[in-house]
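> Supplied in structure tokens, the structure appears directly below.
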Amino acid sequence: MEQALAPALAQRSEDHLYRHRRVLATAPGRRVTDAGGRCFTAFCSNDYLGLAKHPKVVAAFKRAAERYGVGSGASHLVSGHGREHRALEDELADFTGRARALLFCSGYMANLGTVKALVGKGDAVFEDRLNHASLLDAGLSSGARFQRFRHLDSSDLQRRLLATEARRRLIAVDGVFSMDGDIAPLPELVTLAQQHGAWLLVDDAHGFGCLGPSGGGVAEHFALAEPALPILIGTLGKAFGTAGAFVAGSEALIETLIQQARTYIYTTALPPALAAATRASLQVLRAEPWRRQWLAALIQRFRRGASTLGLSLADSATPIQPVILGDSQRTLQLAAYLEARGFLVGAIRPPTVPAGSARLRITLSAAHTEADVDGLLAALADAGGYRP
Ligand SMILES: *Cc1c(COP(=O)(O)O)cnc(C)c1O
């Protein structure tokens, strides 16, 4: 086995595509310390609202762990489904304006389980080519005819819908694209779905908490109720600051998932304390709109500063602000330079992004200060030699 695996590892390293895990000694947040004791200002976490270590969220987690223990002990359908899970599902249904919501242990599992419960052989699934890997994997392994349309390109999707003869058609997109920060053209997709009798699924992992006047994500941003957007998926590990995911939709959708989604049925339920912590985080998210407003102000500050530096930014109004360099080695060099200056950013390379589009993935959080953003901009200004 060693001999069989070694060449691919060596090649990956030579191509500047090898991935290393950094060991952190602190909670996620604007300031982190690594295991070697070095301190950084982090611009790479998805904790967009700074809730992962919010005192109310931590306190709810502790209280629930004291009361219910740590593990849920069984799957939801056996005996792992508790009152915290039920209460969180009800609150998420209310928050999204949907009839029901169903908890999953992760966004990956929610996407896989949902798509595979809804379509199979003889059906067709249409996905934006820059969708998150979990949504692409779900479509690919569903057995349905899998087609990718060009990024944000509704006319490409329309051509494909016109050509299909499949019985069931599912259109599945990210609400906010995870490596680009741009937003799916949902009003157009809703119209196409209705014209072609397709079902629309939106994975809003990065929109929930950040977009919409009360943090309801892209559905709220575009004011899309359940009939227009029947399958809405959110993850809890990003702006909610906890872990897990949910699907929100009609009674029939949720009951179908409970009966059929294998990643729901055949896994141990989320720890009840995580559900309790998420209930607290949902409360903070709803009660403190200043977090979204502050985040929006920091995004603007970063974009203004970056354009003054002549950096080419993506068309993104979200906390995800990629700086696309193209070349993997240069991306690593620039990330290393910023690290030496005390800033952590994501260096994202293929196959996470298409070949030739390696990038820094800079993410902003309501936990950042204006001085943090200005510091990062100053370091980027000094990094001239590494920049495109
Ligand atoms: C992070 C992410 C997921 C996966 O969610 P996890 O809960 O981390 O498994 C799914 N979809 C998108 C768009 C994501 O960004």
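Cβ atoms here come from the backbone N, Cα and C positions, even for glycine.
Quick caveat, the model's predicted, so the values are computed rather than measured.
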> Out of Thr331, Thr352, Thr363, which is the one TrEMBL records at the substrate site of Arg19, His132?
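So, going by the record in TrEMBL, that would be Thr352.
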> In TrEMBL, the pyridoxal 5'-phosphate site includes Gly107, Tyr108, His206, Thr235. Which of Ser79, Ser178, Ser250 does it also list there?
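Only hit among Ser79, Ser178, Ser250 in TrEMBL's pyridoxal 5'-phosphate site, alongside Gly107, Tyr108, His206, Thr235: Ser178.
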> Taking ligand 1 as the reference, state which of the binding-site residues Arg19, Ser178, Thr235 have a Cβ closer than 6 Å to one of its atoms.
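The binding-site residues passing the 6 Å Cβ test are Ser178, Thr235.
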> Near His132 (substrate binding site), which recorded positions out of His206, Thr235, Lys238 have their CA within 10 Å?
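So the list reads none.
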> Could you state the whole-number distance in Å separating the C-alpha atoms of Lys238 (N6-(pyridoxal phosphate)lysine) and His206 (pyridoxal 5'-phosphate binding site)?
7
> Cα of Thr352 (substrate binding site) to Cα of Ser178 (pyridoxal 5'-phosphate binding site): how many Å, rounded?
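Computed Cα spacing between Thr352 (substrate binding site) and Ser178 (pyridoxal 5'-phosphate binding site) is 10 Å.
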